[in-house]
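Enquirer: Quick one: this structure, given as C-alpha coordinates, is what I'll be asking you about.
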Amino acid sequence: MGKMDIGMVGMAVMGSNLALNMADHGFDVACYNYTPDLTEKVLREHPHEHMHGFFDLREFVQSLKRPRRIMLLIMAGDPVDSMIDQLMPLLEEGDIILDGGNSFFEDTIRRQKKLADAGLHYFGVGISGGEKGARNGPCIMPGGDAATYEAVRPIYEAVAARAADGEPCCAYIGTDGAGHFVKMVHNGIEYADMQLIAEAYLLLKYAGGFTNERIAAAFRQWNQGELKSFLIGITADIFAEDDEDGGQVVDKILDSAGQKGTGRWTSIEALKRGVNTSLITAACNARVMSNLWDLRRGLGQRFAAVKAHEPLGDDFAEIVRKSLYVGKIAAYAQGFALYQAAASHYGWKLDFGRIAGIFRGGCIIQADFLERITEAFQSNAQLENLMEANFFAGKIQANLDSLREVVALGVKQGLPIPAMACAIEYIDSARAAHVGANLIQAQRDYFGAHTYNRVDKEGVFHHQWN
Ligand code: 6PG
(Lines of atoms letter the chains of each structure in order from A and count residues from 1; the text may use other names and numbers.)
(Lines give C-alpha, C1' and ligand atoms only; values in the text may rest on other atoms or scores of the structure.)
Protein backbone atom coordinates (compact mmCIF):
# COMPACT_ATOMS: atom_id res chain seq x y z
CA MET A 1 0.00 0.00 0.00
CA GLY A 2 1.39 3.41 -1.00
CA LYS A 3 1.41 6.41 1.25
CA MET A 4 -1.88 8.15 2.04
CA ASP A 5 -2.72 11.61 0.67
CA ILE A 6 -4.49 12.85 3.78
CA GLY A 7 -5.41 11.65 7.24
CA MET A 8 -8.85 12.20 8.73
CA VAL A 9 -9.22 12.14 12.50
CA GLY A 10 -12.87 11.77 13.53
CA MET A 11 -15.22 9.31 11.90
CA ALA A 12 -18.49 10.85 13.11
CA VAL A 13 -20.94 12.30 10.57
CA MET A 14 -18.84 15.20 9.24
CA GLY A 15 -15.46 13.44 9.26
CA SER A 16 -16.65 10.25 7.61
CA ASN A 17 -18.62 12.07 4.92
CA LEU A 18 -15.77 14.43 4.07
CA ALA A 19 -13.35 11.47 4.00
CA LEU A 20 -15.67 9.65 1.57
CA ASN A 21 -15.92 12.79 -0.56
CA MET A 22 -12.10 12.97 -0.70
CA ALA A 23 -11.90 9.25 -1.53
CA ASP A 24 -14.41 9.73 -4.35
CA HIS A 25 -12.02 12.29 -5.83
CA GLY A 26 -9.23 9.72 -5.87
CA PHE A 27 -7.36 10.79 -2.73
CA ASP A 28 -6.21 7.98 -0.46
CA VAL A 29 -7.60 8.79 2.97
CA ALA A 30 -6.22 7.36 6.19
CA CYS A 31 -9.14 7.17 8.62
CA TYR A 32 -8.76 7.30 12.39
CA ASN A 33 -11.10 7.71 15.32
CA TYR A 34 -10.14 7.70 18.99
CA THR A 35 -12.43 4.71 19.47
CA PRO A 36 -12.09 2.01 16.77
CA ASP A 37 -15.82 1.29 16.52
CA LEU A 38 -16.69 4.29 14.34
CA THR A 39 -13.85 3.64 11.90
CA GLU A 40 -14.90 -0.01 11.59
CA LYS A 41 -18.53 1.02 11.04
CA VAL A 42 -17.70 3.55 8.31
CA LEU A 43 -15.44 1.13 6.45
CA ARG A 44 -18.00 -1.66 6.77
CA GLU A 45 -20.93 0.45 5.59
CA HIS A 46 -19.01 2.35 2.89
CA PRO A 47 -16.25 0.13 1.55
CA HIS A 48 -14.13 2.26 -0.78
CA GLU A 49 -10.79 1.58 -2.50
CA HIS A 50 -9.42 4.93 -1.28
CA MET A 51 -10.59 4.68 2.36
CA HIS A 52 -8.11 2.99 4.71
CA GLY A 53 -8.70 2.38 8.40
CA PHE A 54 -6.02 2.83 11.07
CA PHE A 55 -6.38 1.92 14.71
CA ASP A 56 -3.06 3.08 16.04
CA LEU A 57 -2.26 6.79 15.94
CA ARG A 58 1.45 6.27 15.22
CA GLU A 59 0.70 3.94 12.29
CA PHE A 60 -1.92 6.41 11.05
CA VAL A 61 0.63 9.24 11.08
CA GLN A 62 3.35 7.13 9.49
CA SER A 63 1.05 6.10 6.66
CA LEU A 64 0.90 9.68 5.35
CA LYS A 65 2.85 11.36 2.53
CA ARG A 66 5.09 14.24 3.61
CA PRO A 67 4.33 16.96 4.40
CA ARG A 68 1.63 15.14 6.32
CA ARG A 69 -1.84 16.59 6.01
CA ILE A 70 -4.03 15.63 8.96
CA MET A 71 -7.54 16.92 9.18
CA LEU A 72 -9.44 16.94 12.48
CA LEU A 73 -13.21 16.71 12.42
CA ILE A 74 -13.83 16.23 16.08
CA MET A 75 -15.75 18.09 18.76
CA ALA A 76 -14.53 21.68 19.20
CA GLY A 77 -12.85 22.60 22.47
CA ASP A 78 -10.69 20.35 24.69
CA PRO A 79 -10.79 17.31 22.35
CA VAL A 80 -8.94 19.39 19.71
CA ASP A 81 -6.18 20.35 22.16
CA SER A 82 -5.90 16.79 23.36
CA MET A 83 -5.61 15.42 19.82
CA ILE A 84 -2.99 18.06 18.93
CA ASP A 85 -0.98 17.02 21.99
CA GLN A 86 -1.13 13.37 20.94
CA LEU A 87 -0.18 14.14 17.34
CA MET A 88 2.63 16.63 17.89
CA PRO A 89 5.31 14.16 19.07
CA LEU A 90 4.56 11.98 16.04
CA LEU A 91 4.90 14.75 13.45
CA GLU A 92 7.92 16.18 11.67
CA GLU A 93 8.82 19.68 10.56
CA GLY A 94 6.47 21.08 7.93
CA ASP A 95 3.59 18.71 8.67
CA ILE A 96 0.13 20.25 8.67
CA ILE A 97 -2.84 19.89 11.02
CA LEU A 98 -6.17 21.17 9.67
CA ASP A 99 -9.00 21.71 12.15
CA GLY A 100 -12.31 21.44 10.29
CA GLY A 101 -14.60 21.79 13.30
CA ASN A 102 -16.47 24.84 14.58
CA SER A 103 -13.54 25.88 16.78
CA PHE A 104 -13.49 29.32 18.34
CA PHE A 105 -11.13 31.46 16.23
CA GLU A 106 -9.12 32.66 19.26
CA ASP A 107 -8.34 29.02 20.07
CA THR A 108 -7.22 28.60 16.47
CA ILE A 109 -4.86 31.60 16.76
CA ARG A 110 -3.41 30.14 19.98
CA ARG A 111 -2.97 26.67 18.48
CA GLN A 112 -1.42 28.04 15.32
CA LYS A 113 1.27 29.81 17.39
CA LYS A 114 1.93 26.69 19.42
CA LEU A 115 2.44 24.56 16.31
CA ALA A 116 4.48 27.22 14.55
CA ASP A 117 6.91 27.22 17.51
CA ALA A 118 7.36 23.49 16.93
CA GLY A 119 7.96 23.92 13.17
CA LEU A 120 4.49 22.64 12.30
CA HIS A 121 1.61 24.24 10.40
CA TYR A 122 -1.91 24.68 11.66
CA PHE A 123 -5.03 25.63 9.76
CA GLY A 124 -8.46 26.57 11.07
CA VAL A 125 -10.79 25.40 8.34
CA GLY A 126 -14.40 26.56 8.40
CA ILE A 127 -16.65 23.96 6.80
CA SER A 128 -20.31 24.53 6.10
CA GLY A 129 -23.02 22.41 4.58
CA GLY A 130 -23.80 19.80 7.20
CA GLU A 131 -23.76 16.09 6.45
CA LYS A 132 -24.86 16.34 2.81
CA GLY A 133 -22.43 19.17 2.13
CA ALA A 134 -19.52 17.19 3.55
CA ARG A 135 -20.41 14.22 1.37
CA ASN A 136 -21.26 16.02 -1.88
CA GLY A 137 -19.46 19.34 -1.67
CA PRO A 138 -19.20 21.72 1.27
CA CYS A 139 -18.17 25.35 1.41
CA ILE A 140 -14.60 25.44 2.75
CA MET A 141 -12.97 28.42 4.48
CA PRO A 142 -9.29 27.70 5.28
CA GLY A 143 -7.17 30.04 7.39
CA GLY A 144 -3.44 29.69 8.02
CA ASP A 145 -0.13 30.27 6.29
CA ALA A 146 -0.72 31.28 2.66
CA ALA A 147 2.27 29.44 1.18
CA THR A 148 1.48 26.22 3.06
CA TYR A 149 -2.11 26.39 1.81
CA GLU A 150 -0.83 25.34 -1.62
CA ALA A 151 -0.18 21.89 -0.14
CA VAL A 152 -3.86 21.41 0.69
CA ARG A 153 -5.50 23.49 -2.02
CA PRO A 154 -5.83 20.63 -4.59
CA ILE A 155 -7.71 18.44 -2.13
CA TYR A 156 -10.03 21.17 -0.86
CA GLU A 157 -10.79 22.58 -4.30
CA ALA A 158 -11.59 19.08 -5.57
CA VAL A 159 -14.05 18.25 -2.80
CA ALA A 160 -15.70 21.67 -2.35
CA ALA A 161 -19.10 22.53 -3.79
CA ARG A 162 -19.16 24.36 -7.12
CA ALA A 163 -21.05 27.58 -7.66
CA ALA A 164 -23.29 27.86 -10.74
CA ASP A 165 -20.36 29.28 -12.74
CA GLY A 166 -18.18 26.28 -11.84
CA GLU A 167 -16.00 28.11 -9.31
CA PRO A 168 -15.08 25.98 -6.27
CA CYS A 169 -16.71 27.19 -3.06
CA CYS A 170 -13.38 27.25 -1.31
CA ALA A 171 -10.87 30.06 -0.98
CA TYR A 172 -7.88 30.82 1.17
CA ILE A 173 -9.32 33.28 3.69
CA GLY A 174 -6.35 34.69 5.60
CA THR A 175 -3.83 33.98 8.33
CA ASP A 176 -4.30 32.12 11.64
CA GLY A 177 -7.94 32.36 12.83
CA ALA A 178 -9.40 34.01 9.71
CA GLY A 179 -11.06 30.86 8.34
CA HIS A 180 -12.76 29.99 11.59
CA PHE A 181 -13.76 33.62 12.09
CA VAL A 182 -15.41 33.75 8.68
CA LYS A 183 -17.22 30.47 9.46
CA MET A 184 -18.34 31.81 12.86
CA VAL A 185 -19.91 34.90 11.31
CA HIS A 186 -21.40 32.73 8.56
CA ASN A 187 -23.20 30.93 11.37
CA GLY A 188 -24.28 34.23 12.93
CA ILE A 189 -25.79 35.24 9.60
CA GLU A 190 -27.34 31.77 9.41
CA TYR A 191 -29.04 32.38 12.79
CA ALA A 192 -30.42 35.74 11.59
CA ASP A 193 -31.55 34.29 8.27
CA MET A 194 -33.34 31.41 9.99
CA GLN A 195 -34.96 33.75 12.53
CA LEU A 196 -36.23 36.06 9.78
CA ILE A 197 -37.74 33.05 8.00
CA ALA A 198 -39.32 31.86 11.26
CA GLU A 199 -40.84 35.33 11.71
CA ALA A 200 -42.19 35.30 8.16
CA TYR A 201 -43.85 31.99 9.07
CA LEU A 202 -45.33 33.44 12.29
CA LEU A 203 -46.74 36.37 10.34
CA LEU A 204 -48.21 34.21 7.60
CA LYS A 205 -49.71 31.76 10.06
CA TYR A 206 -50.93 33.95 12.91
CA ALA A 207 -51.48 37.37 11.31
CA GLY A 208 -52.40 36.04 7.88
CA GLY A 209 -54.25 32.86 8.86
CA PHE A 210 -52.31 30.82 6.27
CA THR A 211 -52.48 27.02 6.40
CA ASN A 212 -49.29 24.98 6.18
CA GLU A 213 -50.19 24.18 2.60
CA ARG A 214 -50.41 27.87 1.71
CA ILE A 215 -47.19 28.59 3.60
CA ALA A 216 -45.42 25.80 1.68
CA ALA A 217 -46.74 27.24 -1.58
CA ALA A 218 -45.58 30.75 -0.64
CA PHE A 219 -42.05 29.57 0.20
CA ARG A 220 -41.95 27.45 -2.94
CA GLN A 221 -42.85 30.51 -4.99
CA TRP A 222 -40.37 32.70 -3.11
CA ASN A 223 -37.69 30.15 -3.95
CA GLN A 224 -38.22 30.89 -7.65
CA GLY A 225 -37.35 34.56 -7.24
CA GLU A 226 -34.85 36.89 -5.59
CA LEU A 227 -35.07 35.00 -2.26
CA LYS A 228 -33.93 31.74 -3.87
CA SER A 229 -31.74 29.99 -1.32
CA PHE A 230 -31.09 26.72 0.46
CA LEU A 231 -32.93 27.84 3.60
CA ILE A 232 -36.05 29.01 1.74
CA GLY A 233 -36.05 25.76 -0.24
CA ILE A 234 -35.86 23.49 2.81
CA THR A 235 -38.52 25.64 4.53
CA ALA A 236 -40.93 24.98 1.63
CA ASP A 237 -40.21 21.25 2.01
CA ILE A 238 -40.71 21.37 5.77
CA PHE A 239 -44.24 22.85 5.55
CA ALA A 240 -45.23 20.14 3.07
CA GLU A 241 -43.92 17.24 5.17
CA ASP A 242 -46.75 15.09 6.55
CA ASP A 243 -46.54 13.49 9.96
CA GLU A 244 -47.33 9.79 10.34
CA ASP A 245 -49.86 10.68 13.06
CA GLY A 246 -51.64 13.17 10.81
CA GLY A 247 -51.08 16.83 9.99
CA GLN A 248 -47.59 18.16 9.32
CA VAL A 249 -44.38 17.36 11.18
CA VAL A 250 -43.66 21.05 11.79
CA ASP A 251 -46.70 21.32 14.09
CA LYS A 252 -45.51 18.34 16.14
CA ILE A 253 -42.12 19.86 16.92
CA LEU A 254 -41.73 21.58 20.29
CA ASP A 255 -41.55 25.35 19.86
CA SER A 256 -38.17 25.64 21.63
CA ALA A 257 -34.86 25.98 19.75
CA GLY A 258 -31.37 24.72 20.54
CA GLN A 259 -28.03 26.31 19.77
CA LYS A 260 -24.43 25.25 19.99
CA GLY A 261 -22.97 28.70 20.43
CA THR A 262 -21.47 30.01 17.19
CA GLY A 263 -24.21 32.66 16.84
CA ARG A 264 -23.57 33.78 20.41
CA TRP A 265 -19.82 33.98 19.73
CA THR A 266 -20.58 36.21 16.75
CA SER A 267 -22.66 38.58 18.87
CA ILE A 268 -20.05 38.76 21.61
CA GLU A 269 -17.33 39.46 19.05
CA ALA A 270 -19.47 42.14 17.42
CA LEU A 271 -19.89 43.92 20.75
CA LYS A 272 -16.13 43.78 21.28
CA ARG A 273 -15.49 45.26 17.83
CA GLY A 274 -18.24 47.90 18.23
CA VAL A 275 -20.28 46.56 15.33
CA ASN A 276 -24.08 46.47 15.43
CA THR A 277 -25.19 42.91 14.67
CA SER A 278 -28.62 43.35 16.22
CA LEU A 279 -30.32 40.81 13.96
CA ILE A 280 -27.85 38.10 14.92
CA THR A 281 -28.22 38.96 18.60
CA ALA A 282 -32.02 39.03 18.22
CA ALA A 283 -31.85 35.57 16.68
CA CYS A 284 -29.78 34.27 19.62
CA ASN A 285 -32.17 35.86 22.10
CA ALA A 286 -35.20 34.51 20.27
CA ARG A 287 -33.81 30.99 20.80
CA VAL A 288 -33.18 31.82 24.46
CA MET A 289 -36.76 33.09 24.90
CA SER A 290 -38.12 30.03 23.12
CA ASN A 291 -36.58 27.89 25.87
CA LEU A 292 -38.38 29.76 28.67
CA TRP A 293 -41.19 27.33 28.39
CA ASP A 294 -42.74 27.79 31.85
CA LEU A 295 -42.51 31.57 31.72
CA ARG A 296 -44.15 31.68 28.30
CA ARG A 297 -46.95 29.41 29.45
CA GLY A 298 -47.52 31.37 32.68
CA LEU A 299 -47.43 34.84 31.17
CA GLY A 300 -49.38 33.64 28.13
CA GLN A 301 -52.30 32.93 30.41
CA ARG A 302 -52.12 36.36 32.04
CA PHE A 303 -51.64 38.57 28.98
CA ALA A 304 -54.06 38.58 26.10
CA ALA A 305 -53.04 36.17 23.36
CA VAL A 306 -52.98 37.01 19.67
CA LYS A 307 -56.50 36.93 18.27
CA ALA A 308 -57.44 34.64 15.41
CA HIS A 309 -57.86 36.44 12.09
CA GLU A 310 -59.70 35.93 8.89
CA PRO A 311 -57.28 34.43 6.38
CA LEU A 312 -55.56 37.17 4.40
CA GLY A 313 -54.94 37.02 0.66
CA ASP A 314 -51.77 36.34 -1.26
CA ASP A 315 -50.99 40.06 -1.36
CA PHE A 316 -50.17 39.71 2.34
CA ALA A 317 -47.64 36.99 1.50
CA GLU A 318 -46.04 39.41 -0.94
CA ILE A 319 -45.65 42.07 1.78
CA VAL A 320 -44.07 39.47 4.06
CA ARG A 321 -41.74 38.36 1.24
CA LYS A 322 -40.55 41.90 0.66
CA SER A 323 -39.99 42.37 4.40
CA LEU A 324 -37.99 39.18 4.54
CA TYR A 325 -35.83 40.40 1.69
CA VAL A 326 -35.08 43.73 3.40
CA GLY A 327 -34.43 41.91 6.67
CA LYS A 328 -31.97 39.69 4.86
CA ILE A 329 -30.13 42.71 3.44
CA ALA A 330 -29.83 44.15 6.97
CA ALA A 331 -28.55 40.82 8.36
CA TYR A 332 -25.87 40.46 5.70
CA ALA A 333 -24.93 44.14 5.97
CA GLN A 334 -24.31 43.56 9.68
CA GLY A 335 -22.36 40.35 9.14
CA PHE A 336 -20.13 41.91 6.49
CA ALA A 337 -19.61 45.02 8.64
CA LEU A 338 -18.25 42.65 11.28
CA TYR A 339 -15.92 41.07 8.70
CA GLN A 340 -14.61 44.53 7.86
CA ALA A 341 -14.02 45.48 11.50
CA ALA A 342 -12.32 42.15 12.21
CA ALA A 343 -10.10 42.42 9.14
CA SER A 344 -8.62 45.68 10.36
CA HIS A 345 -8.45 44.59 14.01
CA TYR A 346 -6.78 41.23 13.41
CA GLY A 347 -4.77 42.28 10.37
CA TRP A 348 -6.51 39.87 8.00
CA LYS A 349 -6.71 40.75 4.33
CA LEU A 350 -10.25 39.51 3.88
CA ASP A 351 -11.64 39.62 0.37
CA PHE A 352 -15.31 40.32 1.11
CA GLY A 353 -16.49 39.76 -2.45
CA ARG A 354 -14.69 36.43 -2.57
CA ILE A 355 -16.17 35.38 0.78
CA ALA A 356 -19.68 36.05 -0.57
CA GLY A 357 -18.59 34.20 -3.72
CA ILE A 358 -17.69 30.99 -1.91
CA PHE A 359 -20.93 31.19 0.12
CA ARG A 360 -22.82 30.72 -3.19
CA GLY A 361 -22.62 26.95 -2.93
CA GLY A 362 -22.31 24.20 -0.35
CA CYS A 363 -23.08 26.21 2.75
CA ILE A 364 -26.25 26.70 4.76
CA ILE A 365 -26.66 30.35 3.75
CA GLN A 366 -26.10 29.70 0.03
CA ALA A 367 -28.36 32.00 -1.97
CA ASP A 368 -28.58 33.76 -5.32
CA PHE A 369 -28.51 37.00 -3.33
CA LEU A 370 -24.78 36.45 -2.63
CA GLU A 371 -23.92 37.24 -6.26
CA ARG A 372 -25.13 40.77 -5.59
CA ILE A 373 -22.88 41.05 -2.53
CA THR A 374 -19.87 39.98 -4.59
CA GLU A 375 -20.77 42.55 -7.25
CA ALA A 376 -21.16 45.26 -4.61
CA PHE A 377 -17.64 44.68 -3.27
CA GLN A 378 -16.20 44.27 -6.76
CA SER A 379 -17.48 47.67 -7.79
CA ASN A 380 -16.36 49.26 -4.51
CA ALA A 381 -13.90 47.36 -2.32
CA GLN A 382 -14.07 50.19 0.27
CA LEU A 383 -17.83 49.97 0.67
CA GLU A 384 -18.58 50.89 4.29
CA ASN A 385 -21.92 49.13 4.44
CA LEU A 386 -23.73 46.88 1.98
CA MET A 387 -26.82 49.08 2.28
CA GLU A 388 -24.89 51.79 0.41
CA ALA A 389 -24.41 49.66 -2.69
CA ASN A 390 -26.81 50.85 -5.39
CA PHE A 391 -28.47 47.48 -5.83
CA PHE A 392 -29.24 47.01 -2.12
CA ALA A 393 -30.13 50.68 -1.57
CA GLY A 394 -32.66 50.35 -4.38
CA LYS A 395 -34.14 47.20 -2.88
CA ILE A 396 -34.41 48.78 0.54
CA GLN A 397 -36.09 51.84 -0.94
CA ALA A 398 -38.59 49.72 -2.84
CA ASN A 399 -39.47 47.39 0.05
CA LEU A 400 -38.97 49.37 3.24
CA ASP A 401 -42.65 50.32 3.56
CA SER A 402 -43.58 46.64 3.52
CA LEU A 403 -41.18 45.89 6.34
CA ARG A 404 -42.50 48.84 8.32
CA GLU A 405 -46.09 47.67 7.78
CA VAL A 406 -45.31 44.10 8.77
CA VAL A 407 -43.39 45.09 11.92
CA ALA A 408 -46.23 47.41 12.95
CA LEU A 409 -48.72 44.60 12.40
CA GLY A 410 -46.63 42.15 14.41
CA VAL A 411 -46.30 44.62 17.28
CA LYS A 412 -50.03 45.38 17.20
CA GLN A 413 -50.93 41.73 17.31
CA GLY A 414 -48.35 40.77 19.93
CA LEU A 415 -46.37 38.53 17.59
CA PRO A 416 -42.69 38.35 18.53
CA ILE A 417 -40.76 39.30 15.40
CA PRO A 418 -37.53 40.66 16.89
CA ALA A 419 -35.26 40.21 13.87
CA MET A 420 -37.61 42.09 11.54
CA ALA A 421 -37.99 44.79 14.20
CA CYS A 422 -34.19 45.02 14.45
CA ALA A 423 -33.96 45.29 10.67
CA ILE A 424 -36.22 48.33 10.51
CA GLU A 425 -34.49 49.85 13.52
CA TYR A 426 -31.05 49.25 11.96
CA ILE A 427 -32.05 50.88 8.70
CA ASP A 428 -33.79 53.78 10.45
CA SER A 429 -30.77 54.38 12.72
CA ALA A 430 -28.39 54.20 9.77
CA ARG A 431 -30.22 56.88 7.81
CA ALA A 432 -31.54 59.05 10.66
CA ALA A 433 -30.58 62.71 10.89
CA HIS A 434 -31.46 62.63 14.59
CA VAL A 435 -30.78 59.76 16.94
CA GLY A 436 -30.90 61.57 20.30
CA ALA A 437 -27.17 61.16 20.99
CA ASN A 438 -26.91 64.90 21.77
CA LEU A 439 -28.97 64.22 24.87
CA ILE A 440 -26.83 61.21 25.81
CA GLN A 441 -23.74 63.42 25.54
CA ALA A 442 -25.40 66.10 27.67
CA GLN A 443 -26.25 63.51 30.34
CA ARG A 444 -22.71 62.13 30.28
CA ASP A 445 -21.31 65.61 30.61
CA TYR A 446 -23.81 66.46 33.37
CA PHE A 447 -23.00 63.54 35.65
CA GLY A 448 -19.42 62.78 34.69
CA ALA A 449 -17.92 65.80 32.92
CA HIS A 450 -17.32 63.51 29.94
CA THR A 451 -17.37 66.51 27.55
CA TYR A 452 -19.03 66.85 24.15
CA ASN A 453 -18.49 68.31 20.67
CA ARG A 454 -20.68 71.14 19.35
CA VAL A 455 -22.52 71.53 16.09
CA ASP A 456 -21.39 75.13 15.65
CA LYS A 457 -17.77 75.22 16.89
CA GLU A 458 -14.68 73.00 16.72
CA GLY A 459 -13.28 71.63 19.95
CA VAL A 460 -14.17 69.74 23.10
CA PHE A 461 -16.57 71.36 25.56
CA HIS A 462 -17.78 70.93 29.10
CA HIS A 463 -20.77 72.78 30.48
CA GLN A 464 -21.28 73.78 34.12
CA TRP A 465 -24.65 72.05 34.53
CA ASN A 466 -26.70 73.14 37.43
C1 6PG B 1 -23.08 24.76 8.75
C2 6PG B 1 -23.81 24.87 10.04
C3 6PG B 1 -23.22 23.93 11.03
C4 6PG B 1 -24.19 23.58 12.14
C5 6PG B 1 -24.38 24.65 13.12
C6 6PG B 1 -25.75 24.73 13.70
O7 6PG B 1 -22.63 25.79 8.30
O8 6PG B 1 -22.97 23.67 8.22
O9 6PG B 1 -23.75 26.16 10.52
O10 6PG B 1 -22.01 24.47 11.47
O11 6PG B 1 -25.37 23.12 11.65
O12 6PG B 1 -23.49 24.32 14.13
O13 6PG B 1 -25.63 25.56 14.77
P14 6PG B 1 -26.58 25.58 16.00
O15 6PG B 1 -26.65 24.16 16.55
O16 6PG B 1 -25.90 26.51 16.95
O17 6PG B 1 -27.88 26.03 15.50
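Just so it is clear, glycine is given a Cβ too, placed from its N, Cα and C backbone atoms.
Annotation comment: TrEMBL describes LYS183 as active site, proton acceptor. Annotation comment: TrEMBL describes GLU190 as active site, proton donor. Per TrEMBL, the feature NADP(+) binding site maps to GLY10, MET11, ALA12, VAL13, MET14, GLY15, ASN33, TYR34, THR35, ILE74, MET75, ALA76, ASN102. Annotation comment: TrEMBL describes ASN102, SER128, GLY129, GLY130, HIS186, ASN187, TYR191, LYS260, ARG287, ARG444, HIS450 as substrate binding site. The domain '6-phosphogluconate dehydrogenase C-terminal' annotation in TrEMBL covers 179-466.
Help me understand the surroundings of these features in the structure.
Expert: According to its DSSP assignment, LYS183 (active site, proton acceptor) is helical. The C-beta environment of LYS183 (active site, proton acceptor), restricted to residues of the same chain at least 6 apart in sequence and closer than 8 Å, consists of ASN102, GLY126, ILE127, SER128, MET141, THR262.
Cβ neighbours of GLU190 (active site, proton donor) (same chain, under 8 Å, six or more residues apart in sequence): LEU231, GLY263, ILE364, ILE365. In this structure, GLU190 (active site, proton donor) is part of a helix by DSSP.
Of all Cβ atoms in the protein chains displayed, 14 besides its own lie within 10 Å of the Cβ of ALA12 (NADP(+) binding site).
Packing around HIS186 (substrate binding site) is summarised by its Cβ count: 23 other Cβ atoms lie within 10 angstroms of its Cβ, all protein chains included.
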Enquirer: HIS186 (substrate binding site): which of the binding-site residues GLY10, ASN33, THR35 is the nearest Cα neighbour?
Expert: GLY10
Enquirer: Please report how many Å separate the Cα atom of TYR191 (substrate binding site) from that of MET14 (NADP(+) binding site), as a whole number.
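Expert: Per the Cα atoms, TYR191 (substrate binding site) and MET14 (NADP(+) binding site) stand 20 Å apart.
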Enquirer: Based on the record's binding annotation for substrate (ASN102, SER128, GLY129, GLY130, HIS186, ASN187, TYR191, LYS260, ARG287, ARG444, HIS450), what whole-number value in Å is the widest Cα to Cα distance?
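Expert: In whole numbers, the farthest two Cα atoms are 50 Å apart.
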Enquirer: To the nearest Å, how far is the Cα of GLY129 (substrate binding site) from the Cα of ALA12 (NADP(+) binding site)?
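Expert: Checking the Cα atoms of GLY129 (substrate binding site) and ALA12 (NADP(+) binding site) gives a distance of 15 Å.
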Enquirer: Which binding-site residues of GLY10, ALA12, MET14, MET75 contact ligand 1 in the sense of C-beta under 6 Å?
Expert: none
